[in-house]
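So the structure is just underneath, and the comments pick up after that.
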Amino acid sequence: QTEENWDFVLVSDIHEMGSEKEIKRKKFLDELSKKGFTIKKIEDTKLFYGVCAPQHFFQKYQCLLRNPDGRPQNPNAHQNIPVTTRIRIVHFILQNTVTPDFEKLQDLMNKKVFEAAFPLHEKEELRKLLKDEWVRWRLVCKQETIENIRRYFGEKVALYFAWLGWYTYLLGFAAVLGVLTFVAGFTVFSSSQVSKEICEANATIMCPLCDQKCPFWVLSDTCTYAKVTQMIDNEATVMFAMLMAIWATVFLELWKRQRATVVTHWDLNGWDEEEEELAMGLINNLQHEPRQYEHSYWRSTVVLILVLLMIAVLIGIAHALVIYRVVAMALFTQSGLELLREHANTMAVLTGAVLHYITIVVMTKVNRRVALFLCDLEKPRTLSQRENNFTVKIFTFQFFTNFFSLIYIAFFLGRINGRPGHYVRIAGQWRLEECHPSGCITDLFIQMAVIMVLKQTINNVMEYLIPWISHKLRKKHKRPKKRSVMLGEEEEAEDPCKMQWLSNYELNEVNVFSLFNEFLEMMIQYSFTTIFVAAFPLAPLLAFINNVIEIRTDALKMMRLHRRMVPRKAKDIGIWLQVLEAIGILAVIGNGLVIAITSDFIPVQVYKYMYSPCRKENSTVTDCSTGYINNSLSTFRIQDFEPHSIVPDMLLAFDRDKIEEYRDYRNADDYTYTVQFWHIFAARLAFLILFEVSAQGGRRGLGEGLDPGASDCLCFPQHVALCVKLIAAWYIPDVPMAVKNELLGKKHNDLRKEVRWVMSWKV
C-alpha cells in the first residue's frame, strides 16, 4: 500500500503485552480484518494502525445510492468513488464495528484503548489548490473555491463556506448603508436643534444623579454627550432600521436561490440522508436493524421544564449584571477620584459591558454542557436529529446570554426607576440607574460597541492562536528524537507513511462540534447585526471586517492546524436556516421597539406636530423642534426628596424652591403623568404596529415562505401566542411515530433486498 491509499489511521499507546487494553485493541483490529480491511502497523512513541477498506464496501454503496429511482443494470460497472464519500463510509464502519465484548470504537476510546482515529490530509494537487486559492491572505476578497472545498471536506463544510461567503458579500452592502447612516449623523452633530438647546441650557438645574455626594448640575454640562446622541438618534436611523429588516429578508431569499443552484449542480436534490444511513448500516452488517423513532411526552415535559429553568437562570444572571451597574454607579459617585465621580454613569456602563462579555465567555461553556445533557434526555435517533435538537437549545441559551442585558438597557433602563422623591430601590438602598441625561440609546450604543469589538477581536485572535500554540506544543512533545547511527551500522530506511501519519497526529483534534461552533458564532453575530442595528449602525461594518478575516482564519485552521474533518454530506445548512428566519422576525420586532421606546424619535415627532410653535404658525424659518427640551422636562420640589436623601447645596444664583427633572412628562403638583405622556405612548404603539406591518409586508413582497403563525407578530399578545404556538409544535410531532417507523421499515427492507441482489449478482 502507498501512503495515499490509507483511509484512516488509528493511534494507540503502547500497552503491556497481555494487558486488558492490548487484548481489547487486538479484538477490534481482528473484527476489522474479518471484514476485509487491510491493516498496517507502525511503531513509534505511539502505535499507528493504517486501515484500508476493501473495494466491495464502496461497490455496494454505489449500487444502492447511485440511482435512487431504480436498480443499476450492473453492480460491477462502478466508477471511482470520491475520496470524501470513501472516508465517510469507512468512518461509519469503524464507528459501528462491534467487538465480541459488545464494544464499539467510541467505547474503546473512552477507555483509552485507542487515543485517536482520523483520516489523512492529502498532499497532492487538490490540497495545493486549496492552499493557493483559499488560504492566501492576498486573495482575501476572492470568492471561495466552493467546488474544491467540497471535493476535499465534503458538502457540509462547502455549504458552510458558500453561505458564509454569500453572507459576507451581501453584508458589504449593509455595511455601506450603516456607514452612510453614521456619516449622516455627523451632519447633525452640531446643527441639531435638540442638542443646541441642551448646550444652551445654562439655567436649567437638574436633579442629583445619586443619593450622596452628587451635586445639582446644569443641563448644559451634557452638551457633548447630547451631540453624540443626536448623531445616533435621528431620522436616518429609522430608515436604516427599516432597510436592514428588508436586507435580512433579501439575504435569506437570495441564499435559498444560491443554495438551490449549488445543490442542483452537485446533483443532491434526490439525496436522502435517512436512506444513506440505512444503506451504510446494511453495507457494514447485512443483519443491521435500524433504530426506531421514539417520542415520550414525559421526556419532552421534563426537557421543557429544564429549558425554562435554564432560561430563568440566565435571566437571573442578567439581573445580577443590572445590580452590578447599580452598585457600581453608587460606588463611583462616592469615589475620591473626581474623574470617576464626574463620569460615574459612563464608567458603570463600560465596566458593565466588559463584565457582560466575561459572562458570555463563561456561560457559553455552561450552556453547551446543559444543552448536551438535555439532548441525551431526548434520545434522538440519528446524529442529524441530535444536532438539530442541540442547535435549538444552545442558540436559545446563547441568545439569552448575549442579549438579555441588551434588552434591559434598550427597553427597561430609565423606565422602571421611578422619579425623584419616589425612586425604585434594590434592597431598599440602591436606587435603579437612569439613562444618561442625553438619552438611553447612547447607553445601548456603548454596550453593543464594547461587546462586538471585544467579542470579535478576542475570538479571532484566540480562535487561531490557541490551535497554533497547541499544535506547536504537540509537535514539540510528540516528535521523536532521531536515533543516532552507530559506526558501521546502516541507517534503516524510514517508512514513507510514518512521517505523514505522525504529522497528521500532531495536528489538533477535530470533533462533531468543530463546524457547529463556526455556525453558532456566525448566528450570534448575525443577531447583533440585525436585531439592535438601529442603535449601532456600524454593526454591519464590524461584522463584514470580522467575516473577511474569519473565512481565511478558518481555512488556515482546517488546512494547517487541525486534522482532516470526516466529510459529511448535506444539501442545505439544516436547522440553521430556521434560526435565520427566527432572527429575521426578531430583527423587525427589536428594531421597531428600539425606535419606538429607546429612541427619542417618537417624542420629538409628537412634539413637532402637536406642541411645537409650528402647530400655531406656518413658518418655514422656525425649526419645529424648537422648545422640545424645555417641554420634555418636569418640575420637582426640593422639599419632596425622600427623608434619607442627602440634599446637596444649591448652585449659586438659582431658586432653591424648584429644580428641573430631565426627560419625563409629569404634572408639577402631584407628579402624575401628563396628557402629553399618553399621546407619546399611543404614538409609540402606533409606530411599532406600522413598522412591523411595513416590514412584514416587505418580507411577503419578496416572496418569503413564512409560517402562517409568523405573520401574527404585530402586538405583544400575538408575540406571546407565537411563542406558545412554537412550543406546542415542538411538543406534539407532526407525524405519529408509528407512521415514521413504518416508512423507515419499508425503506430498510427495500435496501436490504437491493444488497442481496447485488451480492447474488457477484456470486
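Quick reminder: no glycine exception, Cβ is built from N, Cα and C everywhere.
Quick look at what TrEMBL lists:
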- 80-142: domain 'Anoctamin dimerisation' (DOMAIN)
- 149-693: domain 'Anoctamin transmembrane' (DOMAIN)
- 157-186: transmembrane segment (TRANSMEM)
- 236-255: transmembrane segment (TRANSMEM)
- 301-324: transmembrane segment (TRANSMEM)
- 344-363: transmembrane segment (TRANSMEM)
- 390-413: transmembrane segment (TRANSMEM)
- 523-549: transmembrane segment (TRANSMEM)
- 573-597: transmembrane segment (TRANSMEM)
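Tallying C-beta pairs under 8 angstroms between the transmembrane segment (573-597) and each of 236-255, 301-324, 344-363, 390-413 places 236-255 first. Sequence-distant contacts of the transmembrane segment (157-186) (same chain, six or more residues past either end, CB-CB distance under 8 Å): 143-144, 146-147, 149-150, 230-232, 234, 236-237, 239-240, 243-244, 247, 250-251, 254-255, 258-259, 262, 515, 518-519, 522, 526, 529, 533, 537-541, 543-544, 547-548, 550-551, 554, 558, 565, 567-568, 570, 572-573. Taking every listed stretch (236-255, 344-363, 523-549) in turn, the largest tally of C-beta pairs under 8 A with the transmembrane segment (301-324) is reached by 344-363. When pLDDT values are averaged over the domain 'Anoctamin dimerisation' (80-142), the model yields 81.
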